[in-house]
Amino acid sequence: MEIQFLGTSAGQPSKSRNVSCTALKLLDELNEVWLFDVGEATQHQILKTNIRPRKVTRIFISHTHGDHIFGLPGFLSSRSFQGDGGPLTIYGPAGIEQFVQTSLKVSRTRVSYPIKYVVLKEDGLIFENNLFAVYTARLDHRVPSFGFRVVEKPRPGELLMDKVAEYNVPNGPLLGQLKAGKTITLSDGQKLDGRDFLGKERPGRVVTIIYDTRPTENIGKLADHADVLVHESTFNGDEEKMAHRYFHSTCLDAARIARDRHVRKLYLTHISARYTGKAGKELEHEARKIFKHTRLANDLDSFEITLRG
């Protein structure tokens, strides 16, 4: 599992930052990539990475402001042009389907794959398979805005090889089935329950994505004990009143959530163009006074999300 920042600017691009997009790479787990918001020129940013558009199977849109969605039509078109793209699901507030369909219709663009739309209305579960679950909750912005919590389901414990050796389980399919927690039958007819040969179950990883919002209780619920919290940091701490007036957050707001909700790592994104160079690093330094495991995200930064313990 890996997270990569394709755009980290707020409102409009700057010379060093594109507008919002974060990629969650689940290649080892699902052979998929999920995108969170698709700002203008996201497809150009992708060209600078190893992400293949056909691997993108799910797109989560926080809200319908232009700096978070203007890259969608172009990306969808290019994904079709490159071929081999399977079905795609877009999760977002009301209006996202109309925006996409109107853009494609006016530009006479035809995509070669089905697109499913899931309209975000209420807090709760919006996706689940055998490995992951995704939850959403309403944030506090000028338009309907949602945060996301991606939860990896618990992983089976390690295979207890010393115990396996006692029963002379041969290498091959039987050992693999045992590792998967299944019951196997040995050549002498003896049955072994795989669950008895596994160590303690390991907790899965949790990734929380919070874009445009001012502080609200739901952020804490989504961020609780997350391994990674990606949080908007449009302004520094001195601009708190202005930030909240415009329905945004400061680097200190993000740091307090990370500290109070026992997050492992905080990444600051959605940075105002006023914070360039040293001013940008000051956001990081300021936040670290509250939560030391803070990092200012830059475009194309990529980080592995490791398992706990």
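From the backbone N, Cα and C atoms, a Cβ is placed for every residue, glycine too.
Swiss-Prot lists His63, His65, His141, Asp212 with the feature Zn(2+) 1 binding site, giving sequence analysis as the kind of evidence. Asp212 (Zn(2+) 1 binding site) falls outside any helix or strand according to DSSP and counts as coil.
Non-local contacts of His68 (Zn(2+) 2 binding site) by the CB criterion (under 8 A, 6+ apart in sequence, same chain) comprise Val19, Ser20, Asp37, Val38, Gly39, Ile61, Ser62, Tyr211, Asp212. In the three-state DSSP assignment, the secondary structure recorded for His68 (Zn(2+) 2 binding site) is helix. The Zn(2+) 2 binding site feature in Swiss-Prot is assigned to Asp67, His68, Asp212, His270; the stated evidence is sequence analysis.
Residues near Asp67 (Zn(2+) 2 binding site) in space but far in sequence (CB under 8 A, at least 6 apart, same chain), listed by position: Ser9, Ala10, Gly11, Gln12, Val19, Ser20, Gly39, Glu40. Taken from Swiss-Prot, the feature active site, proton acceptor applies to Asp67, supported by sequence analysis.
Local packing around the binding-site residues His63, His65, His141, His270 was summarised as the count of other Cβ atoms within 10 Å of each Cβ; on this measure the leading residue is His270. Taking the mean position of the Cβ atoms of Asp67, His68, Asp212, His270 as the Zn(2+) 2 site, the remaining same-chain residues with a Cβ inside 8 Å of that point are Ala10, Gly11, Val19, Ser20, Asp37, Gly39, Ser62, His63, His65, Tyr211, Glu232. According to DSSP, His141 (Zn(2+) 1 binding site) is assigned to coil rather than to any helix or strand. Looking at His63 (Zn(2+) 1 binding site) and His270 (Zn(2+) 2 binding site), their Cα atoms lie 14 Å from each other. Residues His63, His65, His141, Asp212 make up the record's Zn(2+) 1 site, and a Cβ search at 8 Å around their centroid adds Ser62, Thr64, His68, Leu139, Arg142, Val143, Ser145, Tyr211, Thr213, Phe247 from the same chain. Packing around Asp212 (Zn(2+) 1 binding site) is summarised by its Cβ count: 27 other Cβ atoms lie within 10 angstroms of its Cβ, all protein chains included.
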